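> I have a structure here, written as structure tokens, and I will follow up with some questions on it.
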Amino acid sequence: MAEEAQVGGTAASWCVSHSAAVASRAMGAILAVLASLILAANVPVAIVLLCHIHRSGSKGLCFVLNLALADAMVGFTVMGVAIDELSQAFYLSQNFCVLRMAFVTSSCAASILSLILVACDRHLAIRKPFHYLQLVTGLRVGLCLLGLWLVAAIVGFLPVFIPRFRRVSDHWKCSLFNVFDPSYMLTMFCLGFFPALFLFLYLYCDMLKIASVHVQHIQKVKQAGLAGACPPPHVTSDMKAMRTVAVLIGCFTVSWLPFFIASVVQMVCAQCLPYRVIENFLWLLGLGNSLLNPLLYSYWHRDVQLQLSQLAAALKGRILLRLGHGRCFPGRDTKALAAVSCLELQD
């Protein structure tokens with residue numbers, strides 16, 4: 001009987017470990033696909049924005065470029081987590097795991113702070129359109145970006161330098177809730193995410209107020225007998241900027257709000273919500289925001305759409321050109337396809 005119980009216990013433990021390994025590999029595959037999509041979406045947008053900034057000299061687009069770079073860094077750091085999930089035979093030390101999670105947290109913080117700067121930049125362009133170019137200078141943009149990455153690094157690497165913000169878990173796994181103390185998580189959420197969300201809502205409501213004033217002005221002009229007059233260009237620009245920021249804020253709220261609320265609930269009441277639900281589902285929803293940001297901005301920004309299509313055509317031309325060098329097509333004249341460089345895309 002004792003031997004049967006021992007065999008039964010061994011089989012049960014093997015089944016549990018096997019199911020955990022399968023779940024971990026499935027999670028690693030999902031993270032790898034998501035990280036690849038994030039990189040594939042953000043890197044081309046960053047290249048196009050860099051070319052557009054070089055051509056137009058627009059300082060405000062530097063914040064959007066920084067958002068694409070921060071989201072690309074999120075994809076890069078998440079790829080490391082995916083490799084850990086897929087490599088079951090390789091176990092990280094706790095110090096290395098803390099560093100990895102610090103990089104992930106810093107990247108996510110940089111993405112959130114970049115969204116704040118994008119919203120602030122669009123708000124300033126609407127609030128003070130005639131003084132925008134004098135206020136948004138290269139020096140101020142550089143200082144804002146430097147401060148952004150400094151704050152993101154402090155937020156992410158705080159547990160590395162303060163041991164009391166780290167924890168040792170009995171069921172070891174390299175994850176946020178296993179290496180970071182609940183006090184750090186609660187401080188980061190309450191002092192980081194919720195103020196950012198309130199700032200987003202304030203900026204959007206203020207832009208909505210300005211846009212409503214412009215709409216009322218247009219209605220008064222139409223009532224005065226100028227119904228055929230076109231709306232001023234800055235009104236159309238204001239509405240487009242407000243729509244862009246509104247979509248970005250809405251996607252950010254839907255992506256990250258469930259994760260942060262569930263994390264706060266889990267830290268206050270550990271039995272109320274399993275942390276695996278937060279890590280396996282809600283965290284993936286939050287990471288999806290880094291995939292949505294470049295897609296949404298490229299959809300709303302016509303110049304980005306045009307240069308992305310030109311970049312895709314240039315890459316297709318290069319591929320066909322290389323394939324054409326290696327093959328001979330009898331009866332057809334082989335013509336070299338022109339390759340479009342970054343500087344040519346600017347024209």
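Cβ atoms are placed via backbone N, Cα and C, with glycine included.
As annotated in TrEMBL:
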type: DOMAIN; residues: 41-297; note: domain 'G-protein coupled receptors family 1 profile'
type: TRANSMEM; residues: 26-51; note: transmembrane segment
type: TRANSMEM; residues: 63-83; note: transmembrane segment
type: TRANSMEM; residues: 98-120; note: transmembrane segment
type: TRANSMEM; residues: 141-162; note: transmembrane segment
type: TRANSMEM; residues: 182-204; note: transmembrane segment
type: TRANSMEM; residues: 245-268; note: transmembrane segment
type: TRANSMEM; residues: 280-300; note: transmembrane segment
> Is the transmembrane segment (98-120) close to the transmembrane segment (245-268), in the sense of at least 3 CB pairs under 8 angstroms with a sequence gap of 6 or more?
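In contact, yes.
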> Check the domain 'G-protein coupled receptors family 1 profile' (41-297) for me and report the mean pLDDT.
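A mean pLDDT of 81 is what the model gives the domain 'G-protein coupled receptors family 1 profile' (41-297).
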